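Features as listed in TrEMBL:
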type     : residues : note
REGION   : 1-31     : region 'Disordered'
COMPBIAS : 13-22    : compositional bias 'Low complexity'
DOMAIN   : 31-105   : domain 'Transcriptional repressor Tup1 N-terminal'
REGION   : 132-193  : region 'Disordered'
COMPBIAS : 133-144  : compositional bias 'Polar residues'
COMPBIAS : 145-157  : compositional bias 'Basic and acidic residues'
COMPBIAS : 165-193  : compositional bias 'Basic and acidic residues'
REPEAT   : 347-381  : repeat 'WD'
REPEAT   : 382-415  : repeat 'WD'
REPEAT   : 430-471  : repeat 'WD'
REPEAT   : 472-506  : repeat 'WD'
REPEAT   : 542-583  : repeat 'WD'
REPEAT   : 584-620  : repeat 'WD'
């Protein structure tokens, strides 16, 4: 029993466990090795993915570089095409000048002949001839031709005479081809004018029963939204004699063709996609540089600097945008979400309030919106115009805002109570014509409002009384822009007749000052001038643009007048002599709007090429 007890005791002891070492199978070291193997496989997989992504990135970079190279090739091709097109244009102009010289020679040769020997002057068969209805005698025809050259009727009465033989058709076809090229119509007119021409122009354009008529393109085709290069093709300026400015000394007049090719290096400057040509007849006093490109999604209809010169506002389709002048960064976009979503809604005019807190916009929907810039919300909506609003301007104290519309009215809105007064164009000059208001400006002292209109006149009203004080006549086509000089004693206007005019308002300003407020407003509707008295004459003509003048501005030191045109050029003029300082071409389409920075030294331009640009100009 004792032995059994000892045996049993020993058998109940737990057996000794053998501890597995790290190198033995099934141990923890094996599991750790498996884990490392899995991590290694994942790492190799991630490495292969990384290499694949790097390969794809290199392929994408190569594709992008190839596309950039292709774009550069296309750009160079476009530049080459533009140069070739310039040569074609020059060829057309040379041919047209040759034909005009032949006409002039025949004119001089036939002026001394009577009806008995020549049976009247008929011109070159197959060539464009200018005449008026029912004028058949040589003397009457030649008299009209002389009047036409003197008055620059802009080819409103072009009639093709039937060719007498097959060989006579060639010059006629060349003229017709040049006109067909210029007949390309824009999809959007910068002012969207409803009427074509006055009744008198329609009569002149009507075909004669015995002649084929060469119809001119619409009078207000300002820019092309589809192909900007078309604006460089031959246009109607090829058929018009350019007169020198009446007030410019002949020695200082600009060359007939101011271009990069006919001036020495010191009188030209070129950028990557722009150039400037300085007048070689005068001492060069300015330099110009491109500061910022402001790219837009649509045509830039208007630009304006803030009063402190720190910001610039632009207007395009459905939005007004504000940029920092120093950096070129877009700081604000204003869009009315309540406006209809269908169709276009171009902002025709933008104006900062003098304190820079508000922005007024005028649009195609006939409404004026007053925006709180900080909150990006509409504070007021002024509704009353019956047609599109083309122009706005704030008074210097910010109390009034003036608007011009195609409905033949200028309205003055009071910012405090939102009331308005209407100045309607209903005088005898506007009867039977389209007198839509295209541009308005309020004088620095807030006393006068000027309005340019489609009927070729500039009208000036007294703000306080609504009296029509002046009807300034002189332009031969619609007036598209007006601007007061900083002292308010002068006015500059730009017209579709390709010229600018300076109107001396000192007599009008002095007359109002002498009459006093009470006497001037004693009999509303009657001008304080004596009947027939012309107190605001045109004292300077600015001649040099090759196409419609669409915008004008005066620098705030009154030193320079700046103009933008459908010829894609900006021109700087000496405000004292109307002498051209330099011509700047920096857009691929019409320069629709421009403004000079109140702080000086900067110019903003807006164009049909969907680009706004800020330029710096300095004295040298």
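Each residue, glycine too, has its Cβ placed from N, Cα and C.
Cβ atoms under 8 Å from those of the repeat 'WD' (472-506) belong to residues 151-154, 191, 193, 219-220, 237, 240, 438-445, 447-448, 450-460, 536-543, 545-554, 556-558, 561, 563, 565, 573, 575, 578 of the same chain, restricted to positions at least 6 beyond its ends. Secondary structure of the repeat 'WD' (584-620) per DSSP (helix as H, G, I; strand as E, B; remaining residues coil): 0 helix, 23 strand, 14 coil.
When the repeat 'WD' (542-583) is classified with DSSP, helix, strand and coil residues number 0 helix, 24 strand, 18 coil.
Residues belonging to the repeat 'WD' (584-620) score a mean pLDDT of 96 in the model.
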